[in-house]
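K.L.:
Quick one: this structure, given as structure tokens, is what I'll be asking you about.
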Amino acid sequence: MLTEAKNFITQMYSELNYDNQSLNERLTAISAEITDTGSYTHTYEELSYGAKMAWRNSNRCIGRFFWNTLTVQDARDVDDEDTFIASINHHINEATNNGKIKPFITIYHPEHPPKIFNNQLIRYAGYDDYGDPAEKQVTALAQQLGWQGNNTNFDVLPLIYAMPNQPVTYYEYPSEIIKEVAITHDQYPKLKSLALKWYAVPIISNMDLKIGGITYPTAPFNGWYMVNEIAVRNFTDSYRYNLLESVAEALEFDTLKNNSFNKDRTLVELNHAVYHSFKQAGVSIVDHHTASKQFSLFEQNEYQNKRDVTGKWSWLVPSLSPTLVSNYHHGYPNIMNDPNFHYKQQEKRGCPFH
Ligand code: ARG
């Protein structure tokens, strides 16, 4: 822990041009605290800058140009249910920001945090014949806890959580804080009849945040969507909403034969629909060309600051027209630097009853 703390503090102080004396004082204090207590406590500034660095080091994220704009809610002192729920609702409200989405993270206590069982704070339930198949497990858990959905394609799952040493329970959000966008297409009015929608803010809630040797197991965070995450993957993957045929029908393409290229046309029009529906609703969203441009700017900034850009190519390449953006045409070293967000080990995920 001391080594990782040293690396982090030294890097942070050097990036922020703090003088050597304050660096040494802080390192001495941390070292004493670890000797005394086995751990150390981040200042708010360390927590906040560490979280930003974790975003900057996220190899799978194409949106890292904005790493420095992250707002950090320090929730390390949250220890009762009401303040916990209030901090989650505060996150959703601040991040949604009436549609002008703010990158936001809420960080709970590293050692005795409330535990969140959802993959994202806002997500649609998955049933046998409806909804998002990716959420079947979480949906089953919610149902075991007594939650009942409406069996629609878009039932917002409740927050499933446990306070330290307390049983797992759930909380249904007030519907007015969950912003959703109905999907329509200006040139294909029939698309509306599919009654598609998606929620505005993707708030990942199943990853560990690691800063300077300290792991924060509960640290939900969000940016805004890139259009193809919704249109290409969530709506179109065969193991997700699997909507290619229904959308093609609504767009009145008469065939989906491979060599008609209508599968591809359908996909493009669905991206157009999702993007412009979000824009029309005043909700932030980015197209893949712009996101990739922004990523190039991020790369330039990093090189100017003498830092290497690490990345995972298969994730940085967008799922629509990948070769049209620059990310496709070069590789990235997929080295994981800390601070970073880490997947949880398997035994810490999944159903708490099994
Ligand atoms: N791909 C995930 C989804 O479709 C969201 C991942 C985070 N995305 C983001 N733009 N911050 O829900």
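A Cβ is built for glycine as well, from the same backbone N, Cα and C atoms used for every other residue.
TrEMBL: automatically predicted annotations, no manual curation.
Features from TrEMBL:
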- 2-347: domain 'Nitric oxide synthase (NOS)' (DOMAIN)
- Cys61: heme binding site (BINDING)
K.L.:
Is it possible to get the count of other C-beta atoms within 10 angstroms of the C-beta of Cys61 (heme binding site)?
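P.N.:
A count of 22.
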K.L.:
If H, G and I count as helix, E and B as strand, and all else as coil, what does DSSP give for the residue listed as 'heme binding site'?
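P.N.:
Its secondary structure by DSSP: coil.
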